[in-house]
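For reference, the structure discussed in these notes is given below.
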Amino acid sequence: MGQGPSVSHENSTIEYAAGSRKGSNSKVENAHRTILDLDGSSSTSFFGVYDGHGGADVALYCANNFHRVLVNDGDYKDNLDVALKRAFTRMDEQMDQNDDWRTLANPPGFGVKLLCFPSTPPLVQGPPYVEGSTACVVLIRGNQIIIGNVGDSCCVLSRDDGRQAIVLSTKHTPEDKDERSSIENAGGQILSVGGADLVNGILPWTRAIGSFRFKPPSAGHIVTCTPDIHIEDITHDTEYLLVANRAFWDTTPISSEMAVQYVRQLSGTYSVASMCDRLLNLCRSPVDNLTLILVYFKPSARLPRPAPPAPTNLSVSELHVRSSD
């Protein structure tokens, strides 16, 4: 997992940087994927953060294949949100079909841009019984941002000179009342272990890709890979987007408001790559591994500023008469 400067790229509408920091935890299980032009024709950008658990293979499999499944979906061109939702389900389906997914998680010449150590050769075969991953996927097409997520990796949007920090992802944890009810209705339990609420005393997330121990074929799935989908316009005052794994937000802890305000302070003085590095250093954990993607929206990506309301030609007396009618 990279310790050097964050990697940045740009086109006519956005500039982004991506980086990671490794804590003392020897189990580096998170990965990410950034693609400036996903298909070569629709000007779609792809950003995904995958925070693995029980091993790195599922996170690596998603980083290598999620975007491929998405592009090949029949709804990719005209119904991107529908295709995105289906891609999450397809990840589980493909890993359940055969053992090829483990090879695809670590292809020959496994690449340097995932910023994650390759996992050790698998000692077991079959679907990912223990291994799993959260996923926070962001697509940018035209003047829209489309977000799909399972788990607790988080996506935050900065607007209005950093005065607004808008969380665009949904946190799927046992602390959420609706998530807890879903787990219990499916036959699972929420148990407190060391002060933390865990699904069946094991998993801190209520939704994940993989983790098949919670998805028995003969019964309802206790943990699902059904994402929450959110669509957001790139308005005239949209500035930055931050996508990061849970450890980034929990280590300091840094709130979404603090993060966007810090980015705003750095903006104009530092490059996007330098800002990404400074954020990672600010949140550096002595134990956990951090992954962050920082996206800057250029003015050409934003919708025009709304026109002011048309002035009225009515006199004060006429307005008074109309209000009395």
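Every residue, even glycine, has its Cβ placed from backbone N, Cα and C.
Automated prediction, rather than curation, is the source of TrEMBL annotations.
Quick look at what TrEMBL annotates:
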type     : residues : note
COMPBIAS : 1-14     : compositional bias 'Polar residues'
DOMAIN   : 15-297   : domain 'PPM-type phosphatase'
REGION   : 1-25     : region 'Disordered'
REGION   : 304-325  : region 'Disordered'
Report task. Take the domain 'PPM-type phosphatase' (15-297) and average the pLDDT across it for me. Result -> 90
Report summary line: the region 'Disordered' (1-25) resolves under DSSP into 0 helix, 12 strand, 13 coil
